[in-house]
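**Q** For reference, TrEMBL lists these features for the protein:
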- G10, V11, G12, K13, S14, T15, R126, V135, Y136, G198: ATP binding site (BINDING)
- 30-59: region 'NMP' (REGION)
- R36, E57, L58, V59, G84, Y85, P86, R87, Q91, R159, R170: AMP binding site (BINDING)
- 125-162: region 'LID' (REGION)
- 127-161: domain 'Adenylate kinase active site lid' (DOMAIN)
- C129, C132, C149, C152: Zn(2+) binding site (BINDING)
Amino acid sequence: MRIVLFGPPGVGKSTQADLIAQNLNFKKFSMGDILRDEVTLQNELGKKIERYVEAGELVPDDIVFELVKKFVYKHQEANILFEGYPRTIRQAEALDALLSQLGLSIDVVLEIFLDDNEIFRRLKNRGYCPNCGRVYNYDTNPPKVDSICDNCGQKLVTRSDDSEEVIRRRLRVYAEQTKKLADHYNAPHVYQRIPADGTKQEVFDKISHIIYAYSNKR
């Protein structure tokens, strides 16, 4: 099964993607994690990606697609969850074509949504681990010890792309480009909108119900 999970920044996509991967046996393609891994390497590609991320802009498709293709070929026999990709119609069409070459397709599309004011509040209240990349929300998904990463014990910081100016730009980018994915996927695929205003477990329960329902139809 291939699933696309998308939504605006701040709705908890990474948290839900981790829960899906851990509990439902999916290989997770997290665009955010993979891009941050490249940035950490500080090679030529990583530095180029870093400039786009810090400016709150989307990384160009040609860079992203090479990373996607490598992942899909490696895990084509497994259940795959795409989190943070595709973000544009062009990326969606490229992914469709890649999967088609392998006799595969996207089976389920999930959009997590939330009111913009709540998104802004959540993003201003995030902590980010500079060592392992884990993201926390101090209200909805706090670390066990205040400002300390559960995974590695590193002190949490505020991400440069969580500044007010960059948050507003990211929401505009999402509204202008990524929301069009709903129209692209709505007709031929199983498309569901899931509100993110509950606890992380409540949101996951809704997601897992949809995935199990689709699996039982196959």
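Note: Cβ is positioned from N, Cα and C throughout, glycine not excepted.
A TrEMBL annotation is a machine prediction, not a hand-curated record.
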**Q** Kindly state the mean pLDDT of the region 'NMP' (30-59) in the predicted structure.
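**A** Reported value for the region 'NMP' (30-59) is a mean pLDDT of 85.
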**Q** Check the Cα distances from G84 (AMP binding site) to each of the binding-site residues S14, C129, C152 and keep only the ones within 10 Å.
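**A** Those near G84 (AMP binding site) - Cα within 10 Å - are S14, in sequence order.
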**Q** Go through the chain and flag residues at least 6 beyond the ends of the region 'LID' (125-162) whose CB is under 8 A from any CB in it; none is fine as an answer.
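**A** Answer is 10, 12, 14-15, 32-33, 36-37, 53-54, 56, 170, 199-200.
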**Q** Tell me which residues of the chain lie with their Cβ under 8 angstroms from that of R170 (AMP binding site), as long as they are six or more apart in sequence?
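**A** The list for R170 (AMP binding site) reads P8, P9, G56, D161, given in order along the sequence.
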**Q** Is it possible to get the count of other C-beta atoms within 10 angstroms of the C-beta of C129 (Zn(2+) binding site)?
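**A** Neighbour count, Cβ to Cβ under the 10 Å cut-off: 20.
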**Q** Determine, for the Zn(2+) site, the additional residues of the same chain whose CB lies within 8 Å of the mean position of the CB atoms of C129, C132, C149, C152; present them in sequence order.
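**A** Filtered neighbour residues, in order: P130, N131, G133, R134, D150, N151, G153, Q154.
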**Q** Within its own chain, what residues at least 6 apart in sequence put their Cβ under 8 Å from the Cβ of Q91 (AMP binding site), listed in sequence order?
**A** D61, V64, F65, Y85
**Q** Given the binding-site residues G10, L58, P86, R126, find the one whose Cα is closest in space to the Cα of C152 (Zn(2+) binding site).
**A** R126
**Q** Cβ atoms within 10 Å, counted per site: which of G10, G12, G84 has the most, among these binding-site residues?
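**A** Checking each of G10, G12, G84, the winner is G10.
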**Q** Give the sequence-ordered list of residues that share a chain with Y136 (ATP binding site), lie 6 or more positions from it, and have CB atoms under 8 Å from its CB.
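**A** The answer is R126, G127, Y128, C129, P142, P143, C149, L156.
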**Q** Restricting to the same chain and to sequence separations of six or more, state which residues have a Cβ under 8 Å from that of P86 (AMP binding site).
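**A** Looking at Cβ-Cβ distances below 8 Å from P86 (AMP binding site), excluding near sequence neighbours, one finds V4, F6, A92, A94, L95, L181.
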